[in-house]
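Beneath this line is the structure, given in structure tokens, with notes to follow.
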Amino acid sequence: MAAGSWTSLLLAFTLLCLPQLREAGAFPTIPLSRLLDNAMLRAHRLHQLAFDTYQEFEEAYIPKEQKYSFLQNPQTSLCFSESIPTPASKKETQQKSNLELLRMSLLLIQSWFEPVQFLRSVFANSLLYGVSDSDVYEYLKDLEEGIQTLMGRLEDGSPRTGEIFMQTYRKFDVNSQNNDALLKNYGLLYCFRKDMDKVETFLRIVQCRSVEGSCGF
């Protein structure tokens, strides 16, 4: 038989047997601990990037008196994520189930898919990481996939997919009462840092509950 025929036959056999091989456990399931490690690393990377970029931008462009007036004004410091129900205290956070914490993390991540484009110039001018808005978007997508996998594992063992949270910070940007571009970017960076901190915190709690010896991560 010709080499091409053998290749086609082998491919057909593999495709036919793939479901049976999966059911038989021929493809080992990735341990939950590894999935959580991967998600935590991705969340930490995003949080660190958000924190450092916010701090760099603040030191370069925002005078102290402007910073304080911004943070004390509810109209300018309000983050869109306030519309996503999240715990208001450590006690409330601990009362949430793992699935609830993952769900909230997923919504927070998805709410940033579009807004990172507004920060294109900020990332382009940053001297810290050399990333673009498309890089940050890919980081968010990677974490989204990791969280969906974790949710599926905790629910029924299969990867979970769902509709993307369609509301984003676009509304925050359009309805902003502040016409200064610097302060708009500052406000978005403030919220990005705040939201990524929440995501990392929620995932850390899930990991601590699920993996023995991981609470000191």
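Each Cβ is built from the backbone N, Cα and C atoms, and glycine gets one as well.
Sequence-distant contacts of His44 (Zn(2+) binding site), defined by Cβ-Cβ distance under 8 angstroms and a gap of at least six in the same chain, are Glu200. Here Swiss-Prot flags His44, Glu200 as Zn(2+) binding site.
For Cys79 (disulfide bond), the count of additional Cβ atoms within 10 Å of its Cβ stands at 18 [all protein chains shown]. Per Swiss-Prot, disulfide bond is recorded for Cys79-Cys191 (among others).
All protein chains included, Cys208 (disulfide bond) registers 15 other Cβ atoms within 10 Å of its own Cβ. The feature disulfide bond is assigned by Swiss-Prot to Cys208-Cys215 (among others), with similarity to another entry given as support.
A C-beta separation below 8 Å, combined with a sequence spacing of at least six in one chain, links Ser132 (phosphoserine) to Arg120, Phe123, Ala124. Annotated phosphoserine per Swiss-Prot: Ser132, in sequence order.
Residues annotated as signal peptide in Swiss-Prot, with similarity to another entry given as evidence: 1-24.
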Between Cys208 (disulfide bond) and Cys79 (disulfide bond), what C-alpha distance do you get in Å? 28
Can you give me the Cα-Cα distance between Cys191 (disulfide bond) and Cys215 (disulfide bond) in Å, rounded to a whole number? 27
Could you tell me which of these disulfide-bonded residues, Cys191, Cys215, has the fewest other Cβ atoms within 10 Å of its Cβ? Cys215
